[in-house]
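**Q** So Swiss-Prot says this about it:
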type	residues	note
BINDING	Gly10, Ala11, Gly12, Gly13, Phe14, Leu15, Tyr155, Lys159	NADP(+) binding site
ACT_SITE	Lys159	active site, proton donor
TRANSMEM	288-308	transmembrane segment
Amino acid sequence: MTGWSCLVTGAGGFLGQRIIRLLVKEKELKEIRVLDKAFGPELREEFSKLQNKTKLTVLEGDILDEPFLKRACQDVSVIIHTACIIDVFGVTHRESIMNVNVKGTQLLLEACVQASVPVFIYTSSIEVAGPNSYKEIIQNGHEEEPLENTWPAPYPHSKKLAEKAVLAANGWNLKNGGTLYTCALRPMYIYGEGSRFLSASINEALNNNGILSSVGKFSTVNPVYVGNVAWAHILALRALQDPKKAPSIRGQFYYISDDTPHQSYDNLNYTLSKEFGLRLDSRWSFPLSLMYWIGFLLEIVSFLLRPIYTYRPPFNRHIVTLSNSVFTFSYKKAQRDLAYKPLYSWEEAKQKTVEWVGSLVDRHKETLKSKTQ
């Protein structure tokens, strides 16, 4: 496609930034529109440095602002929709999550139709598939298995509804008489430089004598490096613009993993930080079944206090299940249809992430140093 343009929502986020860095290398791409609620000065400067033959246009606005979305979509060839509220701990109000993640996606699809944008790629989540029970074991799962998250928690529920809306929109008629083609990518838990979940775990450990909190010692998962997830998006947009490949991809979803070893969340955090003296918590912990029922009791307490006080439990049944299940998936379908092969090996991904973790450790040391002066 000659002289095409791409809109990336959530472009200021952990994944969005990595997609932009790869997008600027695409041939015949004349413009990238980077959309988010707000961009800090450092990120604006980074985007300006990325500009070469490809124009980068920064768009600050609300995903629920219909006129703004219609303007953003004008003369765009491809949309990569990563923008969403990620919240597994119940900090954000349910209505806000549903509005941004579901209504925002629906409004963007409608703007696509009005602006006649033919390609729409949605960043979904592994949580769309589950896990629904820590007793359920899924190893090397695939797209043909009828897996669907049944938790009422707002984040997985909203991502499930949004993905369904995106895939149902495949084949819609566009205003110019063309057709809208869509697909969705379901990445595993994403790690890498800039991960706020990994950053929170490391900083918490640094403030706790180097002891990493146990978040999922009973789990077996296959986390995916952020650079490989970004690469999968590039391959998806290429494939949906390829007349030979596109028919088998339209309306489909794909699990995105890589060659990161299958391990627990706790072991991943330890592997990425042990070089700096951080260590796993060796203290005795409650059995998983007991943790599940304690989570249930905390939910009841939260519900009973709701009329007079907002109590957010440290964990609930959903978090216990999410963090302690055997839940791994294959990327064979993405390999077959998208020609997906991880851009970064496990060793490369580990090295880059460990270097970034080292910068967090150095920053912590500098903070302590300044406090003692």
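Any Cβ shown, glycine's included, is placed from N, Cα and C.
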**Q** Across all the protein chains here, work out how many other Cβ atoms are within 10 Å of the Cβ of Gly13 (NADP(+) binding site).
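**A** Cβ-Cβ neighbours of Gly13 (NADP(+) binding site) within 10 Å number 20.
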**Q** If you count other C-beta atoms within 10 angstroms, which of the binding-site residues Ala11, Leu15 is the most crowded?
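**A** Result of the Cβ crowding comparison: Ala11.
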**Q** Quick one: give me the count of other CB atoms within 10 A of the CB of Tyr155 (NADP(+) binding site).
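**A** A 10 Å sphere around the Cβ of Tyr155 (NADP(+) binding site) contains 25 other Cβ atoms.
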**Q** Relative to the Cβ of Lys159 (NADP(+) binding site), which residues of the same chain, six or more apart in sequence, are found under 8 Å away?
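**A** Spatial neighbours, sequence-distant, of Lys159 (NADP(+) binding site): Cys84, Asn101, Ser124, Ser125, Glu127, Val128.
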**Q** Is Phe14 (NADP(+) binding site) helix, strand or coil when read with DSSP?
**A** helix
**Q** Is Lys159 (NADP(+) binding site) helix, strand or coil when read with DSSP?
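**A** Its secondary structure by DSSP: helix.
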**Q** Compile a sequence-ordered list of residues in the same chain as Phe14 (NADP(+) binding site), six or more apart from it, whose Cβ lies below 8 A from its Cβ; state 'none' when nothing qualifies.
**A** Ile190, Gly192, Gly194, Ser195, Arg196, Val226
**Q** Express in Å, rounded to the nearest integer, the largest CA to CA distance found among the NADP(+)-binding residues Gly10, Ala11, Gly12, Gly13, Phe14, Leu15, Tyr155, Lys159 named in the record.
**A** 20
